[in-house]
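Over in TrEMBL, the protein carries these features:
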| type | residues | note |
| --- | --- | --- |
| BINDING | 9, 10, 11, 12, 13, 14, 139, 254 | NAD(+) binding site |
| BINDING | 12, 13, 33, 50, 107, 139, 254, 278, 280 | NADPH binding site |
| BINDING | 107, 135, 190, 243, 253, 254, 255 | sn-glycerol 3-phosphate binding site |
| DOMAIN | 5-158 | domain 'Glycerol-3-phosphate dehydrogenase NAD-dependent N-terminal' |
| DOMAIN | 179-319 | domain 'Glycerol-3-phosphate dehydrogenase NAD-dependent C-terminal' |
Ligand SMILES: NC(=O)C1=CN([C@@H]2O[C@H](COP(=O)(O)OP(=O)(O)OC[C@H]3O[C@@H](n4cnc5c(N)ncnc54)[C@H](OP(=O)(O)O)[C@@H]3O)[C@@H](O)[C@H]2O)C=CC1
Ligand SMILES: O=C(CO)COP(=O)(O)O
């Protein structure tokens, strides 16, 4: 069955997803606020700012008419950075109907209060047909036709099936999960550790160290997420380990590049400014370290990175806090007061 879909956001990921669905024969409108970008995409089939090397399907319609894009769609993907997610969702709320499906692809927390993007979506009184999409999904590789796996999480089977129907293609496989909390937290949290890994790479650490950092990152992510109700097994999947590997090892990751720039001597503003796209890990770091403090969650890597980025601590302190912290169980999902382990 062919669907009518709207993707909110004219950035890397929104464009990559919109293009897959247009290629799959669905009616796709991609909403963006920049009129010149709308004109460029519709006239040239290129999004030169975000995906300059990806010719877009001729049926992909770029638009700045939010009302029409939402009204004509049965499924809405929100690919807007977390800092602006709430304000954009508030604009579409009057246009929603009970049958519409809403999917967040955004990997971050609402900067206005500690909540995830699906929590923002769930506040609308009209439709609760909500899902989240996450996984090792570097947009430029998707647009280049690289084999990619993603996971759609929702308690609603029809929501999961709709996303699979819209996105599955010879190069894009969509797996299912019912653990929305875990999938969404994994996607947000991994951006913190992409910054750590980019920073470590700039210091020329070896593969032993990178592997230890990524493994301890997975431990911190799952410890935090399990505390907030996630299924720990989710972190062995695409949204957890999969996305951690992709984002912590690829210069295509904006968060990895922020970390590499900082490890190369730039300050945070220079590093973020030099990327020209969103780096969700910076806001996520602030919010996660605050919450970990409140709830007594042991997250030495995140805490050390926070001191480095926001308190002008020395780089050695980050390395020190990981290497000299009290030795912990290899695998455990407990707060720092307990010693239960699996
Ligand atoms: N890129 C990737 O590989 C992946 C990204 N994601 C996630 O998807 C989300 C979107 O990322 P991505 O597309 O890469 O981001 P980009 O930085 O590439 O693009 C951001 C897009 O959001 C738009 N935008 C920002 N603020 C507003 C606003 N207030 N109103 C309207 N539009 C706005 C920008 O418009 P403008 O150009 O006018 O500023 C731009 O079109 C992020 O949470 C990211 O973590 C998930 C998987 C992969
Ligand atoms: O989430 C992503 C890949 O899965 C993209 O990562 P960045 O936001 O760090 O570019």
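The backbone N, Cα and C atoms fix where each Cβ goes, and this holds for glycine too.
Note that TrEMBL annotation is computational and uncurated.
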Cβ atoms within 10 Å, counted per site: which of 33, 107, 190, 254 has the most, among these binding-site residues?
190
Per DSSP, what is the helix/strand/coil residue tally across the domain 'Glycerol-3-phosphate dehydrogenase NAD-dependent C-terminal' (179-319)?
108 helix, 0 strand, 33 coil
For ligand 1, pick out the binding-site residues 9, 10, 11, 33, 135 that have a CB under 6 angstroms away from one of its atoms.
9, 10, 11, 33
Determine, using Cα-Cα distances only, which of these binding-site residues is closest to residue 254 (NAD(+) binding site): 33, 107, 243, 280.
280
Name, in the order they occur in the sequence, the residues of the same chain whose CB lies under 8 A from the CB of residue 135 (sn-glycerol 3-phosphate binding site) and which sit 6 or more residues away.
148, 149, 150, 151, 175, 187, 238, 239, 242, 243
Between the Cα atoms of residue 107 (NADPH binding site) and residue 13 (NAD(+) binding site), what distance do you get, rounded to the nearest Å?
11
As a check: which entries in 9, 10, 12, 107, 243, 255, the binding-site residues, place their Cβ less than 6 Å from an atom of ligand 2?
107, 243, 255
Max Cα distance spanning 12, 13, 33, 50, 107, 139, 254, 278, 280 (NADPH binders), Å?
22
Taking Cα atoms as reference points, rank the binding-site residues 33, 190, 253, 255, 280 by distance from residue 12 (NAD(+) binding site) and give the first.
253
